[in-house]
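Listed features, source Swiss-Prot:
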type	residues	note
TRANSMEM	5-25	transmembrane segment
TRANSMEM	86-106	transmembrane segment
TRANSMEM	114-134	transmembrane segment
TRANSMEM	136-156	transmembrane segment
TRANSMEM	168-188	transmembrane segment
TRANSMEM	242-262	transmembrane segment
TRANSMEM	274-294	transmembrane segment
TRANSMEM	310-330	transmembrane segment
TRANSMEM	331-351	transmembrane segment
TRANSMEM	374-394	transmembrane segment
TRANSMEM	417-437	transmembrane segment
TRANSMEM	488-508	transmembrane segment
Amino acid sequence: MLEHFPWLTTMIALPLVAALFIPLIPDKDGKQVRWYALGVGLADFVLMSYVFWTNYDISSTGFQLQEKFSWIPQFGLSWSVSVDGISMPLVLLAGLVTTLSIFAAWQVDHKPRLFYFLMLVLYAAQIGVFVAQDMLLLFIMWELELVPVYLLVCIWGGQKRQYAAMKFLLYTAAASVFILVAALGLAFYGDVTTFDIAELGLKDYPIALELFLYAGLLIAFGVKLAIFPFHTWLPDAHGEASAPVSMILAGVLLKMGGYGLIRLNLGLLEDAHVYFAPILVILGVVNIIYGGFSSFAQDNMKRRLAYSSVSHMGFVLLGIASFTDLGISGAMLQMLSHGLIAAVLFFLAGVTYDRTHTLSLAQMGNIGKVMPTVFALFTMGAMASLALPGMSGFVSELAVFVGVSSSDIYSTPFKTVTVFLAAVGLVLTPIYLLSMLRQLFYGNNIPPSCNLEQDNLSANSDQEAVCFGTSCVLPGNAIYDDARPREVFIAACFLLPIIAVGLYPKLATQTYDATTVAVNSQVRQSYVQIAETNPRVYAEALTAPHIPTTDFATVKVQP
């Protein structure tokens, strides 16, 4: 009986339906609402963990837990959801990060009902993006996610919250048009009209159409992944968003871009990917170096972490474009690893802001003695971000480096330059992170004081602005308190899997390796066919790739 139960639909419906009951909860100060929202988030995370543990086969490369029925037949729209090795780990990541972000927002008292309503709607939309197997359904879920994020930044942000929220909305909404165009182009090509992603993968598209749609999807997913030059919304959004919202922005929303590239660009447009892969490599290197230098130049703590995310997403691009099993596996692990690391760093940035009421690194310093636990947790998160051995970040970035270096598609000079430049960017990471720790917790600066009376006056001048890390204005005797048990628990929930995956990467890689190997095999077969058809033209490309003898075919190059 349970074999045919709509588990994935339930995962989406639970937070969405539960959000509708929030207005009915009799609650003035938000205490009951926050417990209700946390209970719903935790229940959904426990549900997905149970379902994947008991009903998901990690050795399978196909879609599992499939549910499909006609929804709006006039538009060819079906409710089609399923998971595979690419989506299942990201669903778990979304569940963990969003549940803990709800717990991190424990002291929100400004419009708490609306806040937790939007958080639960966002929870459902994130899961919907990762499990959708219908292109129109994917587009709907993609758009649904924009609204709560816009409102969460616009209402519970800093003084420039409206500018940051509008910039996020314009960037992502404009980019999502390319997803709709791609959906229509893929669906209506050929004799059969369908939006089902699995069926779209069976069509044989002309290379011109693939290149056009690939470019559009690269823009759409590049905005979400914060690829240069489409990244500028991210530092502004992080700089103005509250800590719980920043946790979701960095921990989950960025990963939607990487997921889309693997699912659609590699999965459906593999011929076009052969031509675009060198461009992805170049963009990845630019992201790594540009993000590193830009991060070092930031005085705002959250903007520094935002540019750090830009840099780390460059490794995802390198892995996706590597044409190797290890490289794509490293890209997946980088998304999962960064989702945990970025979430804990932004959470701890919010914890620090609660005490100091400033994000300016120049105004901080010498608070390590009064907040030793926060200092220790922040240091562990920073070490994970700079890829310290024993942490998940080290494994993912090493896999990408080895994957690119061992690729038999690119020429040796191209690989050498790529690895060297990426290594330069990697060296920048400890520079800007360790300098941030020094400015935060060391130095001779007097710890920043918080004038509660002045804070109240500032709040009155902008009544809709809510400046908080994980809370609003704290009592005077709590400004320099060390981490509370709730905050230690949240940080530990992120740091423990970071360390566990760093020590035993198979905990994560075994969930998706079968699928990423299948995706890479498909892409490599496309490369062989293209090179076999026109080896001279392709060999004259910028990267000067040579045509290897692969496991799939022996390529004969005509003189």
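A Cβ is built for glycine as well, from the same backbone N, Cα and C atoms used for every other residue.
Note: the stretches the transmembrane segment (374-394) and the transmembrane segment (114-134) are not in contact (fewer than 3 CB pairs below 8 A, sequence gap of 6 or more). Taking every listed stretch (5-25, 136-156, 274-294, 310-330) in turn, the largest tally of C-beta pairs under 8 A with the transmembrane segment (417-437) is reached by 274-294. Outside the transmembrane segment (136-156) by six or more residues, the chain places 71, 75-81, 108, 110-111, 114-115, 118-119, 121-122, 124-126, 128-129, 162, 164-166, 168-169, 172-173, 176, 179-180, 183, 195, 197, 237, 240-242, 245, 248-249, 253, 256, 464, 466, 468 with a CB less than 8 A from a CB of the stretch. By the Cβ criterion (under 8 Å, sequence separation of 6 or more), the transmembrane segment (114-134) is not in contact with the transmembrane segment (274-294), since fewer than 3 such pairs are found. The list of residues near the transmembrane segment (86-106) in space but at least 6 beyond its ends in sequence, with Cβ under 8 angstroms from a Cβ of it, reads 11, 34, 37-38, 41-42, 44-45, 48-49, 52, 56, 115-116, 119, 122-123, 126-127, 130-131, 242-245, 247-248, 251-252, 255, 259, 262-263, 332, 335-336, 339-340, 343, 347, 350, 470-471, 486, 490, 493-494, 508, 511-512, 515-516, 519. At the 8 Å Cβ cutoff, the transmembrane segment (331-351) and the transmembrane segment (242-262) share at least 3 close pairs (sequence separation 6 or more) and count as touching. Same-chain residues lying 6+ beyond the ends of the transmembrane segment (488-508) with a Cβ under 8 Å from its Cβ atoms: 89, 96, 100, 103-104, 333, 336-337, 340-341, 343-344, 347-348, 373, 377, 380-381, 384, 389-395.
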